[in-house]
Amino acid sequence: MAERAALEELVRLQGERVRGLKQQKASAEQIEEELAKLLKLKAQMGPDEGKQKFVLKTPKGTRDYSPRQMAVREKVFDVIVSCFKRHGAEVIDTPVFELKETLTGKYGEDSKLIYDLKDQGGELLSLRYDLTVPFARYLAMNKLTNIKRYHIAKVYRRDNPAMTRGRYREFYQCDFDIAGQFDPMIPDAECLKIMCEILSSLQIGDFLVKVNDRRILDGMFAVCGVPDSKFRTICSSVDKLDKVSWEEVKNEMVGEKGLAPEVADRIGDYVQQHGGVSLVEQLLQDPELSQNKQALEGLGDLKLLFEYLTLFGIPDKISFDLSLARGLDYYTGVIYEAVLLQTPVRAGEEPLGVGSVAAGGRYDGLVGMFDPKGRKVPCVGLSVGVERIFSIVEQRLEALEEKVRTTETQVLVASAQKKLLEERLRLVSELWDAGIKVEAASPRVASCSTYCEEAGIPLVAIIGEQELKDGVIKLRSVASREEVDVRREDLVEEIKRRTSQPLCIC
């Protein structure tokens with residue numbers, strides 16, 4: 001230790017000598033000579049094992065959230081949860097990791113995005129990819145056949161992150177699902193209604209919900225001549241149509257996946273169509289599609305679905321879109337996806353989708369994959385893409401330069417004299433016990449108003465020697481600077497009366 005300390009001192013002195021020569025603008029040869037001596041001394045010291053060098057950053061595809069950002073997130077979550085509860089849902093939770101075999105084979109080509117964990121005591125585990133497969137495992141394990149549930153939790157995907165577009169490797173999902181036997185299309189229609197209620201309440205812009213049915217897709221592939229073995233991989237290609245052109249998708253189908261060009265062209269004739277119930281009726285008359293049993297069942301259910309959506313008052317928000325494929329393997333019926341719409345650049349142009357913010361569908365066979373006897377439980381659900389919504393809300397607040405409250409403090413307790421600390425703490429305790437949200441301030445009353453304005457705290461309760469003698473508390477409104485004396489026994493009710501309006505974050 002003593003030898004190292006001596007070397008450190010020599011390094012310090014030599015470093016000062018090099019800096020001094022540079023300041024004096026000494027010759028380059030002289031500086032280089034002394035710098036070489038410094039480097040030699042540093043080499044003698046060797047690495048300092050006590051000081052580890054590391055980069056302070058979050059892992060790729062993750063982020064921290066400031067109090068302001070968390071306030072925005074809580075507001076969004078409140079809107080979503082209140083809607084789920086309004087529709088009678090119960091809440092559950094499941095482990096953040098599952099047995100690897102539970103998740104394997106449920107996500108099609110996206111299975112490569114699952115995070116596998118190291119062997120822990122003989123169990124091969126993976127981080128959950130979504131909340132739907134764990135929910136199906138939960139139903140099968142607990143032998144449940146009927147439940148309406150919601151679940152808000154983090155999921156993990158080894159995806160290429162695009163942070164600015166709200167795509168992360170660790171992110172929240174907000175899921176709502178209905179499991180059990182019901183009249184056809186009623187639960188499906190309720191899920192679409194919930195999706196529209198949430199997106200309308202969040203006021204993040206115009207949106208459109210695209211709907212399709214996996215049975216229609218499979219029937220379409222069959223009549224177009226797609227081999228059974230290629231259904232899922234071609235479905236995955238079609239699912240990219242919201243991001244790339246038909247020509248690019250066709251090239252992938254033909255060039256990479258070996259589909260015959262004429263088959264791809266027939267698919268293109270179908271998947272570029274979208275509309276409302278009139279398109280459903282048109283396809284019911286299609287000479288080829290109407291002869292396929294699966295497609296006919298899917299079209300019949302979609303026609304019924306549009307009837308219920310009309311009763312729910314949301315048919316103008318729904319579009320039957322034959323290009324919607326939803327690449328996950330477990331979907332068996334109706335599928336849907338909500339996209340935000342970009343304002344048209346010129347009059348007469350169609351709105352453009354700028355990103356998916358919610359999606360879901362029917363998965364009647366997933367629970368049966370976990371049940372020892374293969375018993376199926378019909379399920380339908382939706383997932384809200386809250387990370388994208390958070391990004392949009394944050395950008396909007398920044399653009400409008402709106403203030404965001406990060407606390408719900410109703411009153412700040414201050415005193416005019418330093419020696420009244422005990423009285424301040426006694427009053428703070430009384431207010432806490434009465435359910436009032438309180439902060440205790442430093443003694444300087446003058447600085448309290450500035451702090452309250454910045455933090456959005458509406459009231460200041462001031463204790464002074466005179467107030468103690470009179471048995472009152474001086475209550476100041478931060479907004480108006482108005483002060484009134486309130487009897488101590490009436491203080492709680494007065495604070496509640498003045499702060500009874502719902503607290504808003506923006």
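Cβ from N, Cα, C; glycine included.
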Matching 54-81, 222-249, 362-389, 390-417 to TrEMBL annotations, coiled coil lands on 390-417
Counting only residues 6+ away in sequence within the same chain, which have a CB under 8 Å from the CB of Thr132 (L-histidine binding site)?
Asp175, Asp177, Tyr330, Tyr363, Leu366, Gly381, Ser383
Greatest inter-residue Cα distance in Å for the L-histidine-binding set Asp130, Leu131, Thr132, Arg157, Gln173, Asp177, Arg326, Tyr330, Tyr331
21
Count up the helix, strand and coil residues in the domain 'WHEP-TRS' (3-59) according to DSSP, in that order.
39 helix, 0 strand, 18 coil
Rounded mean pLDDT within the domain 'WHEP-TRS' (3-59) lands at 82
